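For Ser460, His461, Cys462, Glu463, Ser464, Asn465, Pro466, Leu467, the entry in Swiss-Prot reads ATP binding site, with the evidence type similarity to another entry. Here Swiss-Prot flags 1100-1115 as compositional bias 'Polar residues'. What Swiss-Prot lists as domain 'Tudor 1' is 56-118. As annotated by Swiss-Prot, domain 'Helicase ATP-binding' applies to 447-635. Residues annotated as domain 'Tudor 2' in Swiss-Prot: 900-999. Swiss-Prot lists 1098-1177 with the feature region 'Disordered'. The motif 'DEAH box' feature in Swiss-Prot is assigned to 574-577.
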Amino acid sequence: MLQLLVLKIEDPGCFWVIIKGCSPFLDHDVDYQKLNSAMNDFYNSTCQDIEIKPLTLEEGQVCVVYCEELKCWCRAIVKSITSSADQYLAECFLVDFAKNIPVKSKNIRVVVESFMQLPYRAKKFSLYCTKPVTLHIDFCRDSTDIVPAKKWDNAAIQYFQNLLKATTQVEARLCAVEEDTFEVYLYVTIKDEKVCVNDDLVAKNYACYMSPTKNKNLDYLEKPRLNIKSAPSFNKLNPALTLWPMFLQGKDVQGMEDSHGVNFPAQSLQHTWCKGIVGDLRPTATAQDKAVKCNMDSLRDSPKDKSEKKHHCISLKDTNKRVESSVYWPAKRGITIYADPDVPEASALSQKSNEKPLRLTEKKEYDEKNSCVKLLQFLNPDPLRADGISDLQQLQKLKGLQPPVVVLRNKIKPCLTIDSSPLSADLKKALQRNKFPGPSHTESYSWPPIARGCDVVVISHCESNPLLYLLPVLTVLQTGACYKSLPSRNGPLAVIVCPGWKKAQFIFELLGEYSMSSRPLHPVLLTIGLHKEEAKNTKLPRGCDVIVTTPYSLLRLLACQSLLFLRLCHLILDEVEVLFLEANEQMFAILDNFKKNIEVEERESAPHQIVAVGVHWNKHIEHLIKEFMNDPYIVITAMEEAALYGNVQQVVHLCLECEKTSSLLQALDFIPSQAQKTLIFTCSVAETEIVCKVVESSSIFCLKMHKEMIFNLQNVLEQWKKKLSSGSQIILALTDDCVPLLAITDATCVIHFSFPASPKVFGGRLYCMSDHFHAEQGSPAEQGDKKAKSVLLLTEKDASHAVGVLRYLERADAKVPAELYEFTAGVLEAKEDKKAGRPLCPYLKAFGFCKDKRICPDRHRINPETDLPRKLSSQALPSFGYIKIIPFYILNATNYFGRIVDKHMDLYATLNAEMNEYFKDSNKTTVEKVEKFGLYGLAEKTLFHRVQVLEVNQKEDAWALDDILVEFIDEGRTGLVTRDQLLHLPEHFHTLPPQAVEFIVCRVKPADNEIEWNPKVTRYIHHKIVGKLHDAKVILALGNTVWIDPMVHITNLSSLKTSVIDYNVRAEILSMGMGIDNPEHIEQLKKLREDAKIPACEESLSQTPPRVTGTSPAQDQDHPSEEQGGQGTPPAEDAACLQSPQPEDTGAEGGAESKTSSENQKPGGYLVFKRWLSSNR
C-alpha cells in the first residue's frame, strides 16, 4: 500500500498527491529538500550576474519560476501565456507542489538539467475503473436510468473532497498507469475504520465501475492476460502425448495447468522514476505452478462481486469441466497420507460477454488440434519421444511435478484457494488487497482444523510464517457467540507463546496489521522481567482478547494474576520445539494451568484449543499430544520429520568410502523373520549397477532402476508389488530421480548407499516407507519387526554433513555410535580451523558462550595473530588496570563503542584541537571525488571528526547528492552523509590510529535464556551512559575489544574531598529485571586466552584508582537502595558487602531473586572508589 499526502483535488478522476514512506516511486524527502536548497542557491546567487532566461516561452515548456507565496524557486510547466503592457504573464503549474500560479516573465528561468534528475514530487492520481454517472431520462419510454457520464458532477466532487478532509490516513493500491496518471484503489481511514473510496462512490451512486476500453493505452499491473499462442497446453505440448493412456488416467500435464495462468506485465513500466516497482508490487510469494490465482475480471468488477463469480476450469475434453486426479494411500494405524489433487487452486477463467470472440477462437483452435491428436493416437498408440529428450524426462513431463505430500493423523480436506478457505470475509479481502497468492501447501491443510477450533500440531519447513496459524485463529475469535458462557471479566481469549522477545515483537506487529480486518481485539505484547512487583502491577487494557508473550513472562504473570486467564480458550505455541528445548519446565507448568482451567464444568460449552507449530518433531511434542490434546489434527509436510513422528528406526554406519560395499552387505538382513522390501538409493547409473552386482553376488535377488532402464519400469513395478511370503525379501537399487515414477510407499527398509543431496531428497526416500509409519509409540513386542528402518552409510566424503546427521539422530532418540561423536568433534575442529579469518563470535565475546557452535559461522577460538591488543598510539590497549572511558555508540546493554581517555597523554585531545584550529581558518575544502575506505574530515555543528568511507551510492549527475556511509573512526558509530559534507583531511591528521574501542561489560547476560538484550534495557542504558565519562577496570583485551568490570560513573565532590559513585552499569542492568548474573563469563574468556597462549601485555594505559576519602552525604533520591526482590540495605552494609572477598559472585545464578550480592541492588550506596575497585572478586 502506498501512503499518500493529498495536495490538490480536482475530481475523483484527477487529484494530486505526494507519495510518503519507503516506496520505489520516490526518493527520500531529504533529496527534495536538498534539491530545493540547491536550486535556490543557484538561481539566487549564481544567476545574479548572468540571468539564465528562456529565449522563448511556449505552452508545455518546463522551466524554473520564482513563487512569491512560497518564497523560493520551483520547477514548473507553462500552461498558458498572456501578454500585458510591459511583459508576458504565464500561468504555471508547480510540479512539486501541485499549484497553479501566475508568473511574470522576468521571474522565469531556464531549468538546469541536473535539477531534473528527481521525478516530479506531485503525482497525478485517478480512481481505477471508477467513472462518473448521471441521471438519464428517456421521454419515449417514460423511464429514468443511471448511466455513465463524461464528467463528474459537483455533488460527487464535494463528497469526495469531504471524505479526504475527514480522513486521518490515505492509502492507495496501484492498479494501472496511463501516461502520467496513476490509477488506484483509494483507501481512507475515518474514525479507525478503513473505507475503499472506489466502493463508497459506487455504493452511493456517485460513480460506477467500468472496464477499461480496448483503445486505452494502459499498463496493467494486475490485469490477467489470455494469450492463446503462448498457452503451453496447445502449442508446446507434443500432440502425440496428449491422449496417451497415462495422461487419461489423471496424470495431467503441468503445462496444461499453466495454460490459462495470469501474468503481471509490470515490466511495461519503463519510467526512470519507477525503478523497483516490479519487486514492490508483485505478490509476496510465487504461486504454485499449477495454481491460477486471479480471475480474468478481477480488476473489472466491484470487489463485492468477486466472491460471487462462478469459476470454470479448462481441460482437454471440455472447457467447462476439469480433470481431477488424486492418489489414494492406505491408512495405517490412524495415519493417512494424501497427495494434492492435480487441479488448479483457483479458477482459470471467468469471462464476460465482450470476451466471447476470444473464447470461440480458442475453442476452434482447440477442436482442430484435438482432431489431429485423435488421428495420431490411432496411428501410433505408443508415446513418441519429443524434442530428443530422454525416456525418463519424458515420463516425468507426462506425470507432471509430483504433488507435495502430507502426513496427517486425521483426514483433512485442503482449501486450495482463498475463496474456499475457512477465513472470515474481512480477512479474505485483506489478503486480496495485499496480493496474497493463496494458501501454501501447508496452510491449505492447517487452516481448516485451526479455524474449526480443533487441537492442531503442524510441522513444516515454512513454520517461520505466522500466517500459518494467525489467520484461522483470528477467524475463530470473530465468532463471539461461543464465548458467552465464559466469565464476564477482563482477560485474554488467546495467548500466543513465542520463544523470545524478538519473535514475539514480530508476531505482535503482524497481528496488529491483520486484526484491523476483524473486530477490535486490543492485542498486548507482554515481556515481564524478574521483578515480582512488575508482574503484580501489570494491567491489561479493557477488552484485551489476545496476548503475545514468552513462556517466562507468561508464567510470572500466571503466578501473580492467575485469575486473568480464566477466559483463556486458545493457547498457540510458536516454534514449539524451541519452547520445549529452552523452557521445558515453564511450558509444562503453563500447559498444566491451561488444562486445569478448561476442565471446569462451567466451561464445557466454551472452546478449548492448543495449536503447536514448529519445524522439527521431538519427544516433547509427543508428550504434548498425549497429555494435553484431544484427538488432535497432525499435519506434517516435512517428510524427514514425518519419519520421526512415524517412529522409523534410524541407523548410521560409519565406514570408509572404499568399504561401502562391505558395509552395505552387513546392513542387509539375509534371513528376515518377516517379509522384507528394501530400497537401496544410489546417486548414479554406475553406482546402481555396482550395488546390484554386489547384492546378487550374495545370492539375493535384486532389481534395479535408473534413467537408462526406463523401458523396464512396468516390469519392476510388477515384481515389487508381488505379495511376499514370510521370511522372503525383495531388494531394489535405484536413483533418486526414479522415486516419483515408482511411487513406492510400502518399503520396510531404506538404505542410503549414497548420501542424500538435500533434506528434501532424504525425506523423499523415507516417504517410501510411509505405509509403515506408526502413529503411536507402541511396545517393542507390538511393533516387532514391522518397524520401518533407515540405514545411512556415512563416509569421509560426507564429513560436512556429519553435524546435521548427529542432530537428526539425537532428535530421533536413536542409538548414536561413539565413533560418530568422535567423527563430529573432528569435523567441528576442522571447521574451526577454517574460521581463522572470521571475526570472533559476538555471543562468545558478550556472554562467554555460544548457544550452538555447530551452526554458528563465526570463530570460537582466539587467534594469537589477529587478537593481540591493538595499538592506539605508541602503546597497545590496556590488558589490566584502571581506565577512563567515554561511550559514544551503544550497540546493546553491555556492548559499546567509545574512547579511552588518558589524563597523562591524551593524543586524541591534541589531534582534535589541531583539527578544530585547522578547519576554522577557512580550510574547509570539500572533496570532489570520494574513494571507498578513504579518510576524510566531517563537520558536525562546531565539532570536526575523522571518518572513513564504507560505501558510496554514487549518482549519475554531478549535481546529485550522493549517499555515503561513513564510520567515525574515533567514536565507532556509523552514519549517512552527503558528498558535500566531506572535507579534505591533511596527511598529518592520518597518522594517529583510530581511537574507537569496543567495550563489553562482563558478568551479566539476558534473563530467560535470551541471547539478545531487550530493547528497553538498551534504551535505558543508552540514555544513562552515552557521552559521559566513566571509570572502569580492565579484565581482558583482545584485538580492538576491552572487557571491563566494573564500569561506574563517579561524581567528584571537591569541596568535601569525596567521590560518589552515581551508578554501576552492571547493577543498573540487573536492577531492571531483564538480566541475570553470569559469573562464568570472565573465566571462559581467560581460558580461551590461555589456550591460545597469548602473553600478557605489559604496555598499558592503566591508571591507579584515585585516592579518595569520605562518603556521600546523602543517598541518591533517583536511585533508592532497593534490592530486586524489594528488600533494602543500609549504606553501611552496602559498603561492607562490596569490600568483602568475592562479593559479586556469591549470589545465585538468577542474580535478581533478592538473594544476590549487594552489587545487584539499585545503585546509590556510599562507596569508596579505591576500595570498591580493589576488592578481590
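Keep in mind that glycine also has a Cβ here, set from the backbone N, Cα and C atoms.
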Number of other Cβ atoms within 10 Å of the Cβ of Ser464 (ATP binding site) across all protein chains: 13
Intrachain C-beta neighbours of Ser460 (ATP binding site), sequence separation six or more, cut-off 8 angstroms: Thr442, Ser446, Leu468, Val613, Val615, Val635, Ile636, Thr637, Ala638
Residues that sit under 8 angstroms from Leu467 (ATP binding site) by C-beta distance, when 6+ apart in the chain: Glu443, Leu510
Model confidence over the domain 'Helicase ATP-binding' (447-635), averaged pLDDT: 89
Cβ neighbour count within 10 Å of Pro466 (ATP binding site): 21
Helix, strand and coil totals (DSSP H, G, I; E, B; other) for the domain 'Tudor 2' (900-999): 20 helix, 36 strand, 44 coil
Residues satisfying Cβ distance under 8 Å from His461 (ATP binding site), sequence separation of at least 6: Val615, Thr637, Ala638
